[in-house]
């Protein structure tokens, strides 16, 4: 029962993590303009994401523009895109494999050991997907920090972390945690002793009913 509970908890954590990864990937708030010094601009906030850039005007109007060409983007942004997409696809595949091996499902027959191994395989795949997303978020964050502290970066082009990168970070961590729970749910084989039990040998030979004179 405890093993089944760990599998369910890992499954739902991974599911929430994948939803967080998808939401974080789609949102444009991966980095937002940092208002430091005498930075005075007309827009209240400027956001840049993996797919588009947005400007929130002081009048309350939000204008977004999708990036025109992939080849014109920075190589780090392209790599972040690719890693996030790979992480989402691999995590969804791992969740499907883990679902087939969970004890509460009827897939993959009734062999408990085989189902547990399938669930463990799904957990390992989820771990790989979550790690891809963590690498993507950390790489993007590193570039933002490096550009922020670069003295040659103009003040009006400095950015700081937005909400979407934190959502993606949280989703990837939940994905890794759920995958670890599923990967650790495989039961160990029972150790079978190669020596026979001593219960039969302890009993002595049957007593004889013959009487000697």
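Placement of Cβ uses the backbone N, Cα and C atoms for every residue, glycine included.
The annotation transmembrane segment is assigned in TrEMBL to 6-27 (among others).
Residues or ranges marked as transmembrane segment by TrEMBL: 39-59 (among others).
Beyond the ends of the transmembrane segment (79-98), by six or more residues, the same chain brings 7, 10-11, 14-15, 17-18, 21-22, 24-25, 50-51, 118-119, 121-133, 135-137, 139-140, 168, 172, 175, 179, 182 to within a C-beta distance below 8 angstroms of the stretch. Residues or ranges marked as transmembrane segment by TrEMBL: 79-98 (among others).
Annotation comment: TrEMBL describes 118-141 (among others) as transmembrane segment. Same-chain residues lying 6 or more positions outside the transmembrane segment (118-141) and placing a CB less than 8 Å from one of its CB atoms are 7, 10, 14, 17, 21, 30-31, 76-77, 79-80, 83-84, 86-102, 108, 161, 165, 168-169, 171-176, 178-186.
Annotation comment: TrEMBL describes 161-184 (among others) as transmembrane segment.
The region 'Disordered' annotation in TrEMBL covers 192-213.
Annotation source TrEMBL lists compositional bias 'Polar residues' at 196-213.
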